[in-house]
Structures are given as structure tokens and as C-alpha cells.
């Protein structure tokens, strides 16, 4: 009997752990983000009084406009998350339009709070993600118009336009605030800087190489 009770308690504990590992379902119709509130933020932004909600809180215009890819990497993201649409607060979903110059890239990065599903709208893209240590397996594929690819939450991934013309994709993400950590920016552009001896030893290169990379970020 004691063993059965222990098993039951263990199963209940595991179930509770799984439940709290994901964003909780909203307990109201919506929670328009109140960016002016100083209330404590637990999971998302404080809610605006629902009586003050307007259509504009659930609306965004301009996703049909191409982003400016005139930058060193030749890629630009137009996000549509809780910052742009306050009504997304607590709903666990967002969008992003991504434009690519010929051979432009979206550098290796992660989304700490979201899985991403990408659809190619125009052109062809080489995309991929890398599995966790110790395997670090690259899973990649060339995509064409209408193709869809998934980047699992938290894994390093990238996109590259592999055509001579411009390319466009649309991504859906499983968080109203997915976050983004671009690997090169985080490692070489940290503020304050990660000590060059740490990076030199980690990447097995001379400190001068690290200094050169840090200067770019």
C-alpha cells in the first residue's frame, strides 16, 4: 500500500511539473498589454482594463511592406509580437516577416521562449538548426516557395537566401514574446565584454582574432 501511495505521489508530482513547464492558458478573454503600468510582471505584461480595449490593440498594418535589407548580413526581420500588437499579451503566439537580399542571411540565433515554423513566400532558402550537445547535429534543407520548416524551441538556427533574387518568408512563433539571441552578437558583442582570454581559449584562437571579432559588434 505504501509503495502504491508513493507511486501515486510521484506521478502527481511529474504531472504538475509538466503542467507548469508551459505558459498557462489565459483566465480571461484577453489581456491587452498595459505598457504604462508599474505592476509586477509574472508571465507577460500587466493587463489594461478590458473596458478600455479597442480594435487598434489587436491590429497591425504594414506586413506587406518589404524590409530594408541594406545591412551587413543582407537580412531583416519585421516582428509582429506583443510590442506591436498589445492584444497578443498572454496569448502565446506571434509573427515575423523576414526579407533577404540575394545571398543574404539571418545569422545563427535562438528563440529562448518559442518554437518557430517558417513558410517561404518568395525565392529559395537554405535553412537549418543544430541539436544540443554532445551531438551538435546539423539538420538542414533547401526550401522553395510554399515550403514549411520548423525550428524547435531554444535551438540554434539560421536562414540563407540561396538565389540571385530577393526572398521572403513568414514565421509563426509559439510565444507573444519569443526573444532572440543572435550568437555572434551575444558572444562578441556582450556588454561588458566577455574577457578575451575566455573567448580565445573557448574558440582555440589567438586573442588578436577575438579582438578583431569584438570590434565588429
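The backbone N, Cα and C atoms fix where each Cβ goes, glycine too.
Where the annotation comes from TrEMBL, it is an automatic prediction and has not been curated.
From a predicted model like this one, the values you see are computed outputs, not experimental measurements.
According to TrEMBL, the feature signal peptide maps to 1-21. Residues annotated as disulfide bond in TrEMBL: 31-47. As annotated by TrEMBL, domain 'Cupin type-1' applies to 61-211. Here TrEMBL flags 109, 111, 116, 157 as Mn(2+) binding site. The oxalate binding site annotation in TrEMBL covers 111, 116.
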Worksheet item: For the domain 'Cupin type-1' (61-211), what's the model's average pLDDT?
Response: 97
Discussion item. Can you give me the residues near the recorded Mn(2+) site, meaning same chain, not 109, 111, 116, 157 themselves, Cβ no more than 8 Å from the center of the site's Cβ atoms?
Written reply: 110, 114, 129, 151, 155, 156, 178, 180
Item to complete: Quick one: among the disulfide-bonded residues 31, 47, which has the most Cβ atoms sitting within 10 Å of its own Cβ?
Response: 31
Response to the item:
Cβ density check for residue 109 (Mn(2+) binding site), other Cβ within 10 Å (all protein chains) comes to 19
Practice prompt. Rounded to the nearest Å, what's the C-alpha distance separating residue 157 (Mn(2+) binding site) and residue 47 (disulfide bond)? Just drop the number here, would you?
Written response: 33
Item to complete: Let me know how many other Cβ atoms fall within 10 Å of the Cβ of residue 157 (Mn(2+) binding site).
Response: 22
Fill in: Alpha-carbon distance [residue 31 (disulfide bond); residue 116 (Mn(2+) binding site)] in Å
23
